[in-house]
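K.L.:
Sharing the record's features from Swiss-Prot:
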type	residues	note
BINDING	Q163, K337, R366, S367, K388	(2R)-2-phosphoglycerate binding site
ACT_SITE	E205	active site, proton donor
BINDING	D242, E285, D312	Mg(2+) binding site
ACT_SITE	K337	active site, proton acceptor
Amino acid sequence: MSLIVDVYAREILDSRGNPTVEVDVTLEDGTLGRAAVPSGASTGAYEAVELRDKDTARYFGKGVKTAVAFVNGEIAEALMGIDATDQVGIDSAMIELDGTPNKSRLGANAILGVSLAVAKAAAEATGQPLYRYVGGTSARVLPVPMMNIINGGEHADNPIDIQEFMIMPVSADSIAEAVRMGAEVFHTLKKELSAAGLSTGIGDEGGFAPNLSSTRDALDFVLKAIEKAGYTPGEDIYLALDCAATEYFEDGRYEMKGEGKTLTPEANVDYLEALVNDYPILSIEDGCSEDDWEGWALLTERLGDRVQLVGDDLFVTNPARLAEGIQKGCANSLLVKVNQIGTLTETLSAVDLAHRNRMTCVMSHRSGETEDATIADLAVATNCGQIKTGSLARSDRLAKYNQLIRIEDELGETAIYAGRSILR
């Protein structure tokens, strides 16, 4: 039996210098599982609640000592002596202990830290890597990365409205080769931006944050970098966008202030369709606001057979929100962020629901990350086939790419890189 004998949380810092929760779970044989919780900048209104202290005299109110205290108190007491391999039972016990629909009492950051640390401890105790423990013997598909190389929106201090401009190296034969391709484009883009007299400072997720004039300006720079790196856009490498449209949706209109545009929901769909017509865009995330169900339905009707339409703020990794979206014909892909829902069990339920409804899934980081690489294992465990974990800079992003390379190496000849199989 892999019985829990200690649950201990501490306050550490994330990649933006803000406090977050780290949890250690120790089993009776001495096995330790450790997990650190990420945090988002552009957060959906329907996400599980991240508990902050709100003590302005400390970390400007962003401390997590309250969440830490809940882990070290109520949660630890409730889980002591429970078998760590009972993930569903443990997650259910924490949800019941919290007693709210959005984990607002104990905090999703407290609950998730424990949930992931339990899984990692159980995997270690059973002598399995995390991806195999969670995903079983079929867990061998390495995901195509969405590499965020230009940042805008809430992730950068520039006038670009769209939050992320990403590249997807689909022609690679392995995750190691995909990372190499991405790195080569990243370094080429840096040279191109520098030659144009633009900033090569990086944003929260490691992408560049130049003072570009428009979405198309950013896309043109990315295309040029792909070509100069020796690759063919739309063949070797595709483009992906995260609009994070909720961030600029005001009073029923899309206020793209960086470009001086005010768009109705229908005009917003027209805008995105024009981009798809002119650029090799494979995926668009949050092209409409989380509350614009009609806009989402129209976008899916117009582009759903050509482009992957990913729901992030729309679904917040919540099976109930996802079921509503499926019923309304909105989006065809689920972005998976473990801290949006707050437990591993609920995350896996959302992925299963998406797959059963023939939707794709994209495992994702948050803009506030740590060196914890759990999502790399989860991307393989769930056979997502795609992962968003930032650019080719910042160790908090590279930790995930490096873990994927290790997993691929460990799987050997049985490893499969998703590659072109994700194309629509």
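Each Cβ is built from the backbone N, Cα and C atoms, and glycine gets one as well.
Note that the structure is a prediction, hence the values are computed from the model and not measured.
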K.L.:
If you count CB neighbours within 10 Å, which one among the binding-site residues Q163, S367 has the smallest count?
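P.N.:
Each of the binding-site residues Q163, S367 was scored by Cβ atoms within 10 Å; lowest is S367.
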K.L.:
Taking the Cα of E285 (Mg(2+) binding site) as the centre, which of the recorded positions listed as E205, K337, R366, K388 lie within 10 Å of it?
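P.N.:
The recorded positions close to E285 (Mg(2+) binding site) (Cα within 10 Å) - there are none.
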K.L.:
Compared by Cα position, which of the recorded positions E205, D242, D312 is the closest one to R366 ((2R)-2-phosphoglycerate binding site)?
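P.N.:
Nearest by Cα distance to R366 ((2R)-2-phosphoglycerate binding site): E205.
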K.L.:
Between K337 ((2R)-2-phosphoglycerate binding site) and the residue listed as 'active site, proton donor', what C-alpha distance do you get in Å?
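P.N.:
Approximately 15 Å lies between the Cα of K337 ((2R)-2-phosphoglycerate binding site) and that of the residue listed as 'active site, proton donor'.
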K.L.:
Identify, in sequence order, the residues in the chain of D312 (Mg(2+) binding site) that are 6 or more apart from it along the sequence and have a CB within less than 8 Å of its CB; answer 'none' if there are none.
P.N.:
G44, D242, A244, E285, D286, L335, K337, S364
K.L.:
Of all the binding-site residues given, namely Q163, S367, K388, which is spatially nearest to E205 (active site, proton donor) at the Cα level?
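P.N.:
Closest recorded candidate to E205 (active site, proton donor) by Cα: S367.
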K.L.:
Determine the Cβ neighbour count for E285 (Mg(2+) binding site): the number of other Cβ atoms within 10 Å of its Cβ.
P.N.:
28
K.L.:
Write out the long-range same-chain contacts of K388 ((2R)-2-phosphoglycerate binding site), meaning residues 6 or more apart in sequence whose Cβ is under 8 Å from its Cβ.
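P.N.:
Once residues fewer than 6 apart are set aside, K388 ((2R)-2-phosphoglycerate binding site) is near P145, M146, N148, M166, D242, L335, V362, M363, S364, H365.
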K.L.:
Need one number for the (2R)-2-phosphoglycerate-binding residues Q163, K337, R366, S367, K388: the maximum pairwise CA distance in Å, whole number please.
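P.N.:
Between the outermost Cα atoms of Q163, K337, R366, S367, K388, the distance is 17 Å.
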